[in-house]
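Worksheet: the structure to be examined is printed underneath.
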């Protein structure tokens, strides 16, 4: 037998193969032969682009099949001649396949002489099966009669490629499901082979012509199946559906759970030089309008925190209790409702997490999956997703190596994933109002055993965001325990009188109000500075403040902007993106976070900022409250907020736990004059220097409480 070399390699998948000695192979193709564990062999393809999976063998013997001469000539002529042993190979391919699974027997040839590297030269002889070829809508009747194949040419359809396959090719970048890259030279299947029943149709889906694909078509594109626009396809359409109703995008994001080592490192902030200033603040406790005296908990060792949690507290860097913690720990243990107001960075999160978790662990009142659902003992509501995620990690930190489970429930992540996590057992839920309300309504969260309800940044949810009715609805669910059987706690750095009135409706009559220092006082560890400017000069002032040359848009490599973390607050989402583009041009690593970004992007942005990979964060109101980020040295108010409470929360992102911080605000008399009287009083209370121009401008301001302007606050949908 002549064994002249050839470049042709053959891959076969069928029930039973001929012995290797009967198959003519070249030196090149012989390296592709593989054997399974039973000693049976199969051909592999030499090219690396093809899969090298071993062929599956049948338990039954294959029957020989007679090949018609027309089919043999068609294949041989397309390859461009004959080679030794070719007839034997073709005979081996066309055979009966009666394996256990009824899968068709196919062979794929890869030959440089043909137009398409993939075509089928075998068909299943099972009368029930249909010959299926990739990229075509062909049906073929194949019958077995006395060991021969009968195929009628009029039964072979050469219809155009399906849109589904074209979309799959585009999505995979031209890589077919077979694993090989399409080449420009292989633009279609041979008409000879296609007429004989072989090959894959490669007709353009767009113009219906043969020889190219829709992605390469020069003819005008077909119109969008959704809106009718010829300039794009349906999968790129941003319009509403045909019925005129805009359907919400399906959320598929599943957050990555950080490792505990990362959590301890990320949330650990060492006490600064001004930590003792917290203990100089005055403390007031009032219940039913009368002062209350209780014994404060001066250290964590004096509390009833379990030993396992106490080790985590020490590992987190807590050395002594702050004033808000000293009075909250005993009040929670006594079962009191609490309305607490303390300055930013004073440890309010630990003030409610530690006593609640301690009581639940000591009393062994925990939710397990064996209870048949999610029966949380504590629900913590927050105004933003980022704050919910932070409190969730704080809870993980304190409950590390304990049996307690704490889970986040907020919008922007996959609903099914969120439900599956809490259904495994969840003692404490931390979430935003919309998602928690949703899960309560559909029964995923059962409130029958809820003992604690905490509202963090309560003034924001009740007043600014208008979630008072939703909070009341959650409290008034029929299965939610009443006030006398449930503790309700509210915490914030600011509590306007109007919010206090609304909050009293959610608390017991004998609730205790804790005030550290003064309600609405700014953090004295933060140095507050101001720049008088107009709208057009803000950009230049910001760049100079960050050490960027405004003429060349360059930054020195040893500039502080690369080392110290800076948060820039703006009023509008578009301005955040614009400033980020400007800083990117100046080679300053900056990133944005606002309500228009998807939750996956927001989480990634915050993580990059925390790690220092992006030391400049340009943000709207979504991060102005509650976030505890290590190493924030500078806060810049590019746009002033619409009230003094938001200003206090913004500058409170720096100067945490007694560390010094710096805040710079750009003041435009055309836009910000109405907030100046409140700002002057805040500076005086914080023992800060008040600029003379600010005093002068504030003296001529009337009705300072009616200050409103367009600002990008957290929309109600954000809570979902």
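The backbone N, Cα and C atoms fix where each Cβ goes, and this holds for glycine too.
Quick caveat, the model's predicted, so the values are computed rather than measured.
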Zinc finger range according to Swiss-Prot, out of 184-201, 202-219, 256-273: 202-219
Annotated motif 'Q motif' segment (source Swiss-Prot; candidates 66-94, 95-123, 298-326): 298-326
Range annotated as motif 'DEAD box' - as stated in Swiss-Prot, picked from 448-451, 452-455, 456-459: 456-459
Of 222-239, 276-293, 330-347, the range Swiss-Prot labels zinc finger: 222-239
Listed in sequence order, residues not in 342, 343, 344, 345, 346, 347, 348, 349 with Cβ within 8 Å of the centre of the ATP site Cβ atoms: 322, 324, 351, 493
DSSP three-state assignment (helix, strand or coil) for residue 342 (ATP binding site): coil
For residue 347 (ATP binding site), the three-state class that DSSP assigns: coil
Surrounding CB atoms that lie within 10 Å of the CB of residue 344 (ATP binding site), all protein chains: 26
Binding-site residues compared (345, 347) - the one with the fewest other Cβ atoms within 10 Å: 347
Residues satisfying Cβ distance under 8 Å from residue 348 (ATP binding site), sequence separation of at least 6: 324, 340, 342, 456, 491, 493
